[in-house]
Amino acid sequence: MQRADSEQPSKRPRCDDSPRTPSNTPSAEADWSPGLELHPDYKTWGPEQVCSFLRRGGFEEPVLLKNIRENEITGALLPCLDESRFENLGVSSLGERKKLLSYIQRLVQIHVDTMKVINDPIHGHIELHPLLVRIIDTPQFQRLRYIKQLGGGYYVFPGASHNRFEHSLGVGYLAGCLVHALGEKQPELQISERDVLCVQIAGLCHDLGHGPFSHMFDGRFIPLARPEVKWTHEQGSVMMFEHLINSNGIKPVMEQYGLIPEEDICFIKEQIVGPLESPVEDSLWPYKGRPENKSFLYEIVSNKRNGIDVDKWDYFARDCHHLGIQNNFDYKRFIKFARVCEVDNELRICARDKEVGNLYDMFHTRNSLHRRAYQHKVGNIIDTMITDAFLKADDYIEITGAGGKKYRISTAIDDMEAYTKLTDNIFLEILYSTDPKLKDAREILKQIEYRNLFKYVGETQPTGQIKIKREDYESLPKEVASAKPKVLLDVKLKAEDFIVDVINMDYGMQEKNPIDHVSFYCKTAPNRAIRITKNQVSQLLPEKFAEQLIRVYCKKVDRKSLYAARQYFVQWCADRNFTKPQDGDVIAPLITPQKKEWNDSTSVQNPTRLREASKSRVQLFKDDPM
């Protein structure tokens, strides 16, 4: 078969003085690269395709081809063949074996040359399959370059300038690492190259649905702008992936690389968001993309069972790198010891028993990142201010979608053509606008630029089993403003002067211990799954795995208003029987002594010194001209 010019491999300059191969030898003249009738990825070939490839190279010995079929030599095994294996397959001549080996090595080299290599600051040099590159080079994926990974956190941590784009590349890479490792350790799992490619695509595309400033958009803005809509960025990712596939002609490319679009697109979506349809009965396997014997594949990108997945591994490493925080979790070690075992008639990814402590450390790392960075008190208030600005601008921003239809910031999620155009750049569009209708939104963003932020008042927690319900969040500012501090104040504050931010901190599964949902195996019985309870690990592990933090901010920033806001806040904490703010005795020394539970006999504070501090505090504000 004669190749088209576009398919000719580029010739490299010779680096030695050896004579050229004579033109009548198969290794020089034969068409040894994949032809039009063969799949471009040799790893997808079965024995018949391997035989076809060898015949085209001039290797037509019946014994060789017969042994290839009988031994079921597939394309994936070609790089593993050496001279001794060829001899066993019936190639008796040493010269022929060398020619055959050279022929196959050229094929492998061509395949390697088609892989794109990028240099990632976290994972080093990453190889990307041509299909992944085709997906990356689309407007829908490139959009992720313009969405900050940590939203308003960049205004607090100057190194946190990374975006969803590079995180998505990292997750796609790690997904491939884990699924390849499982396949190599356990060939009986029959993980195909098609499975590998689908898992990598799911990792690559899992965050396509994020909006401006990442979690600020789906966690703060959408619930306020459209409270009737229960929308998540995972749902957005599935919709955007569908749009990416259809608008860029990706289905034929998927078929070219051995995928079956009808099944595999469904499988990729299910890995991102879970089952697309609820099963009729609980006992039924809820997924359509892969059968139950491939259930473990659904635990790689987004693990709904226990939260141990490659998404976390990448953002732990990447966020810590950019934040300047130490990452204590080693995902490479987890991959080394990961194994698939049968648990409750399902195949699940299990960890080695000795790794249980490291997994607790992983969830502790997650909690620590939330405390130190993701829920930083200044980062959160910047997210809140950006949300306020977007809400004020929502009615006046127009984004063109399919068919020329116009959408607002909050409704762009209904049309993926419009949503593709919605990124962090909307911040600058509002900030630099001259439209009088955007004046209020513009002023809020200017305050962020000038660092005139809403002021942090304090933090508290509910006591006992009490938790503030989500439906009560909206009424909390009014509660704070209704608290009547038993001190003389120069100003009176209203509900609209306060912002109350409720933060739910946990190990990823609300009150549950995620390790209770992890299966382990031991060295002596690697195919038998076991459970390990918390008490079997250490007596120093957490008793509770969730807590609620309540932070109060004041929109007024003058000193008298801030002093009043702190008195309102501490009084509210006392009225609601919340914990005493850590600096309560300093910011409200006349209020904290009135709460008996806050001043038990074990307190190390000196009452006399506390009274003196109170007098000093009152005197300070009394004489202050303000």
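Placement of Cβ uses the backbone N, Cα and C atoms for every residue, glycine included.
For 1-19, the entry in Swiss-Prot reads compositional bias 'Basic and acidic residues'.
Annotation comment: Swiss-Prot describes 1-36 as region 'Disordered'.
As annotated by Swiss-Prot, phosphothreonine applies to THR21 (among others), with the evidence given as similarity to another entry.
Annotation source Swiss-Prot lists phosphothreonine at THR25 (among others), citing similarity to another entry.
Swiss-Prot lists 45-110 with the feature domain 'SAM', giving sequence analysis as the kind of evidence. In the domain 'SAM' (45-110), helix, strand and coil residues by DSSP number 48 helix, 0 strand, 18 coil.
Residues or ranges marked as dATP 1 binding site by Swiss-Prot on the basis of experimental evidence: GLN149, ARG164, HIS210, HIS215, LYS312, TYR315, ASP319, ARG366, GLN375. A simple way to gauge crowding: the CB of TYR315 (dGTP 1 binding site) has 21 other CB atoms within 10 angstroms, across all the protein chains here.
Within 10 Å of the Cβ of LYS312 (dATP 1 binding site) there are 22 other Cβ atoms, across all protein chains. Per Swiss-Prot, the feature dCTP 1 binding site maps to GLN149, ARG164, HIS210, HIS215, LYS312, TYR315, ASP319, ARG366, GLN375.
Annotation source Swiss-Prot lists dGTP 1 binding site at GLN149, LEU150, ARG164, LYS312, TYR315, ASP319, ARG366, TYR374, GLN375. Long-range C-beta contacts of ARG164 (dGTP 1 binding site), restricted to its own chain and to partners at least six residues apart, with a cutoff below 8 Å, comprise LEU144, ILE147, LYS148, GLN149, ASP207, HIS210, SER214.
Taken residue by residue with DSSP, HIS210 (dATP 1 binding site) is part of neither helix nor strand, so it is coil. What Swiss-Prot lists as dTTP 1 binding site is GLN149, ARG164, HIS210, HIS215, LYS312, TYR315, ASP319, GLN375, and the listing cites experimental evidence.
Feature annotation from Swiss-Prot assigns domain 'HD' to 164-316; the stated evidence is sequence analysis.
Within 10 Å of the C-beta of HIS233 (active site) we count 24 further C-beta atoms, all protein chains included. According to its DSSP assignment, HIS233 (active site) is helical. Taken from Swiss-Prot, the feature active site applies to HIS233.
Of all Cβ atoms in the protein chains displayed, 22 besides its own lie within 10 Å of the Cβ of THR592 (phosphothreonine). Reduced to three states, the DSSP call for THR592 (phosphothreonine) is helix. Here Swiss-Prot flags THR592 (among others) as phosphothreonine.
Proximity note: of the listed recorded positions (HIS215, LYS312, TYR315, ASP319, ARG366, THR592), HIS215 have a CA within 10 Å of the CA of HIS233 (active site), given in sequence order.
For the binding-site residues listed here (HIS210, HIS215, ARG366), the lowest count of other CB atoms within 10 A around the CB belongs to HIS215. Each residue contributes its Cα atom, and for ASP319 (dATP 1 binding site) and ARG366 (dGTP 1 binding site) these two points are 11 Å apart. Annotation for GLN375 (dATP 1 binding site): same-chain Cβ neighbours under 8 Å, separated by at least 6 residues, are ILE503, MET505, LEU549. When Cβ atoms from all protein chains are considered, those within 10 Å of ASP319 (dATP 1 binding site) total 23, not counting its own. Measuring Cα to Cα from LYS312 (dATP 1 binding site), the recorded positions that fall within 10 Å are ARG366, out of HIS215, ARG366, THR592. On a Cα basis, THR592 (phosphothreonine) lies 41 Å away from TYR315 (dGTP 1 binding site).
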